[in-house]
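Copied from TrEMBL, the annotated features are:
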- TYR131: active site, proton donor (ACT_SITE)
- LYS202: active site, proton acceptor (ACT_SITE)
- ARG184, ASN446, ASN491: (S)-malate binding site (BINDING)
- GLU273, ASP274, ASP297: divalent metal cation binding site (BINDING)
- 108-288: domain 'Malic enzyme N-terminal' (DOMAIN)
- 298-560: domain 'Malic enzyme NAD-binding' (DOMAIN)
Amino acid sequence: MWNLTKFVASRLSRSRRFFSSVIPRPCIIQKRGADILHDPWINKETGFPLTERNRLGLRGLLPPRVISFEQQYARFMESYRSLEKNTVSESDTSHVALAKWRILNRLHDRNETLYFRVLIDNIKDFAPIIYTPTVGLVCQNYSGLFRRPRGMYFSAKDKGEMMSMIYNWPAQKVDMIVLTDGSRILGLGDLGVHGIGIPIGKLDMYVAAAGLNPQRILPVMLDVGTNNLKLIEDPLYLGLRQPRLEGEEYLSIIDEFIEAVLTRWPKAIVQFEDFQMKWAFETLKRYRERFCMFNDDVQGTAGVALAGLLGTVRAQGRSLDDFPNQKIVVVGAGSAGLGVLSMAVQAVVRMTGNAETAAQNFFLLDKDGLLTKERKNLDPAAVAFAKDPGLIAGLRDGDSLLEVVKKVKPDVLLGLSGVGGVFNEEVLKALRESGSNRPAIFAMSNPTMNAECTAVEAFKHAGENIVFASGSPFENVQLGNGKVGYVNQANNMYFFPGIGLGALLSGARIITDDMLQAAAECLASYMTDQDIEKGILYPSINSIRDITAEVGASVVRAAVAEEVAEGYGKVDPEELAYMSKEETVEYVRRNMWYPNYSPLVQQK
């Protein structure tokens, strides 16, 4: 029988051992009395000691008994496990997922310290609820789920006002902003203002995985309208009920927002999230040399995919130097697919020094089939990856995925198409004829219903010796003779927290390609040879803070090497440059926030 008391004691004991050197510093606040209880950043609920209740005007506003942090933790976990027990037989998995999200969200709304401790200690269970895949459901139902605002909303109606609006945010310092325009939420399309759920979920992962201070993060929705007629006609829709802005009118809104952010917080890092492809590439090109920003769909997905691709080479018993010889078929020519190809080609160039032939073993397909230079109206972003006709005998523009797999015999089949089931039985069986002794399948689209195939389908049709990774969580597959088909979750959560943390702690002016490559290579090298032999490419999410510290340190060192680091706090670039690899990791760990109740002191 599951023992809650022992479970909580073990989790808290482990946390204390790991963070025993962390002593909470006093938090200086302006508020008093009931205002404190309504502020989730500083609210301790029944955990306020009597001394604080007296000096902060809380006496009489709370029940008399003081409940310890451990007791509050146990009480919440008991409520959550009770919900799990009561819904275990429900067939409507979406309803259950949203019920779990609600109970976590209510805690988030009233007590951020307890919320983030619960999230950190139970990251494997809770990440799929506050992040993918449940965040997709939340975005689809956001107007009905909305109870209180979180983050900031800037709209096309605010043009000319954003410079003053940015000062409405109560925090004096912001380290990280996650920004979306809601135009391409996961594989769900244009969700307009409902897309705010993505920045909120991403930043929760930044706090849990990278130790960013939750008082220094800001989720932002940039509402420029929506082309989703269903939303426009919905009387409960909370966003602008007008078509999306386009062209220079659209870019002028982005420009004004960025100018406002950099005026108030010039060192803030801005992560662009879930922009449709044309704007993802346009904004990345427009801003990446001007300030510290990156696009998680283009660069974050690419980084975690590259780490997996490098791990696949090891799983096939080959040297990493053999990566340029891997034949890789990529299905999906959107921002994520093109981002993966771009970073993979950069890795090949670094290994071979030859840019002319770096893309020769990569094959790109969109909804109309194989992309070649014969394609009419070829997207400029895809030109570099379009094949010359006749490169492989029999290949033509528009060839189907099945035809390409049969003719190319790829080592890796990677999907970022957003089309559920596109890796069908015929395609998977064709992969058995791959030139590789251990072909790999990356079904990276999410949420789960958009995955190119399931883990069970992959191991059943492509063979038990494959390497499998997915963007959404699937269970490991039980194979014959007691063997296990391991499922790797190729999720950006292994990558973007380290990028953001490393950029912050190095004081990077910009985020360079070498910083991203360093992060991918660090993640790829994290796994042992024994794990790789089993087909395990990514570490357990339970180790996410350790992983992020290592990845973040690699980003810091790359920023120093590229001379874009300006230092952080009292640590200048010269001091960062003199740190050893181990000292850099320790520096990163030391600066990761961890949730403890801090003594509150009111500023007179």
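Every residue number used here counts from 1 along the chain in the order it is shown.
Every residue gets a Cβ built from N, Cα and C, even glycine.
Counting only the Cα atoms, the space from ASP274 (divalent metal cation binding site) to ARG184 ((S)-malate binding site) is about 5 angstrom. GLU273 (divalent metal cation binding site) has a Cβ environment of 27 other Cβ atoms inside 10 Å. TYR131 (active site, proton donor) is 16 Å away from ARG184 ((S)-malate binding site) when you measure Cα to Cα. LYS202 (active site, proton acceptor) is 9 Å away from GLU273 (divalent metal cation binding site) when you measure Cα to Cα. Restricting the recorded positions LYS202, ASP297, ASN446 to those with a CA within 10 Å of the CA of the residue listed as 'active site, proton donor' leaves LYS202, listed by sequence position. Each of THR180, ARG184, ILE185, ILE198, PHE272, PHE275, ALA280, ASN295, ASP296, SER335 belongs to the same chain as GLU273, ASP274, ASP297, is absent from that list, and has a C-beta within 8 angstroms of the C-beta centroid marking the divalent metal cation site. Geometry remark: ASN446 ((S)-malate binding site) versus ASP297 (divalent metal cation binding site), CA distance 12 Å. Across the structure, ASN491 ((S)-malate binding site) and ASP297 (divalent metal cation binding site) place their CA atoms 11 angstrom apart. Take the recorded positions ARG184, LYS202: by the count of other Cβ atoms within 10 Å of each Cβ, the lowest one is ARG184.
Taking all protein chains in view, 26 other C-beta atoms sit within 10 angstroms of the C-beta of ASN446 ((S)-malate binding site).
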